[in-house]
Amino acid sequence: MSTPPRRADQRRPDQPPPGGNRPAQPDPQQPDSRQPDSQQPDPQRPGAQEPDPQRWRALAVCLLAGFMTLLDVTIVNVALPSIQRDIGATTAELSWVVTGYALAFGLVLVSAGRLGDDLGRRRMFLIALALFTLTSALAGLAPDGTWLVVARLLQGVAAGLLNPQVAGFIQQLFPGRERGKAFGLFGAVVGLSTAVGPLLGGLLLQWGGGAGGWRWVFYVNLPLGALALVLGLRLLPHDRPAARGGARKPLDAVGAVLLGGAVVSLMLPLVLSEHDPATAPWWLIGVAVALVAVFVPWERAAKRRHGHPLVDFALLRTRGYSTGVALGLVYFAGFTSIFFVLTLFLQQGHGYTPLQAGLALTTYSVGGATAAAIGGRLVGRHGRVVVVVGLALEAAGLVVVDLVLRGAPERIGLAIALPMLVAGIGNGLVIAPNQTLALHDVPPRQSGTAAGVLQTGQRIGSAIGISAAGAVFFAALGGGGWDHAITTSLLVTIGLILLALVVGLVDLVQGRRPLRAAEVEHVGSGA
């Protein structure tokens, strides 16, 4: 007579630990969202270690640091015209100030997660936070565009090193339903950082005054970073690296270099083509293809040699994951360029102050933050339909924005407020629900790597989208003025979002079921 399967959190006292002889694994298509991590305390299990009593305070430190890194994605946009006037940065350098941060952020996410496992999350978190604070000071001190671009690249690396540790601490510190609440707070911080970025940037520029007021969008990180460092030293737990007590798995440095080289080779022609596409080094696209052609077999060989590749391609065979990665990359390429081109249009084309520009774009961010709060609950009942509806809403809202701007309204901010709100609501129904669906079928033991790859795709998509929309914007500006530049570049954004909608519709037609509430709780909210 067969024995009914036992839940993962009800292991018998005599059952071998992980690594020994195990009972049959659960069906990978129906993952047990309550299965604890190998080092995750579960208060429902007899003899389990009690959760850290300071876990909520430690979470506050993590969220403060995460807020800083995500705030810097958007806060700089309103300062771009001031930067150009003060230090004479070129349009290509301005593009790299935004693109370089997102690119460097995304390139190190997967490697950073592995380093946290090997060296300890607390150590990596504090090192990354100190580096982020230092590079913020360097960016604020920049005397020219080149200095600022380098500082932003280093700042992006620090942000990429830090963010996987935040997700790791949430996994480590919070058991069961508490973990879902902690990830929910992280998701709220993501939405809040997007909402207040342009507005806070405008306030800081106005408060700083003069030509150098833009420097305060970087200096604001100094007191926040110092506070987070002091509290982190006191509150973050000393976790033991997974590799301690055994052979340390090597970081796939060659894979990281190959992947980074491929992305940079892809991005460089896009950035340099803004003014004169004919002279851009388009041959680098071939270099990118060649590097990817080497990267794929190298990663497969790395998995055979030591089982620790930078990217495990088996993840892409997991149901729903490849769709989520593709949709996230294309969508982030579309929506992150909105703030970049609209800020330039409002400030340089129509004389808006940074604060006025931030206020004009606030409805999008507020709509996104509000919708994100309910998107996680809706996806549990309706699955991919939530993402498809969100993409349709955002595309429709941006189409109306484009049509309104073609009419050259006198009060632009007021004229686009409502359609931008609709587009923002769509944004809130896309990002977190898509991550939930993408990670739904990923085995728990691979969830950290899967989330890192997913977020890397999002950051690379952001960099590609900003460069592409920026190139179209400046090219159209030379041929038809500001109104022609913004309406033409918005078509690029709308096209990318519609492409993401096609990806979502294809997945929906293929028939994805809604998630159970317990399964939704298993996966967290992403940046």
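Positions of Cβ are set from backbone N, Cα and C atoms, glycine also.
If you look up TrEMBL, you'll see 1-53 marked as region 'Disordered'. Annotation source TrEMBL lists compositional bias 'Pro residues' at 15-29. Taken from TrEMBL, the feature compositional bias 'Low complexity' covers 30-46. Residues or ranges marked as transmembrane segment by TrEMBL: 58-82, 94-112, 124-143, 149-170, 182-204, 216-233, 278-298, 358-378, 385-405, 411-432, 460-479, 485-506 (among others). What TrEMBL records for 58-512 is domain 'Major facilitator superfamily (MFS) profile'.
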- Item | Positions on the same chain near the transmembrane segment (358-378), where near means CB under 8 A and six or more residues out | 78, 184, 187-188, 190-192, 194-203, 338-339, 342-343, 346, 352, 386, 390, 412-413, 416-418, 420-433, 436, 520, 525
- Message: Checking distant contacts: for the transmembrane segment (385-405), what same-chain residues at least six beyond its ends satisfy Cβ-Cβ under 8 A?
- Response: 327, 331, 335, 338, 371, 375, 378-379, 412, 415-416, 419-430, 433-434, 437, 483, 486-487, 490-491, 493-494, 497-498, 500-501, 504-505, 508
- Query: Against which stretches of its own chain does the transmembrane segment (149-170) lie, if we need a Cβ under 8 Å and a gap of at least six residues from its ends?
  - Reply: 58-59, 62-63, 65-66, 69, 72, 76, 93, 96-97, 100-109, 112-113, 115-117, 121, 124-125, 127-129, 131-132, 135-136, 138-139, 142, 179, 182-183, 186, 236, 448, 451-452, 455, 459, 524, 527
- Message: Could you tell me the mean pLDDT the prediction assigns to the domain 'Major facilitator superfamily (MFS) profile' (58-512)?
- Response: 83
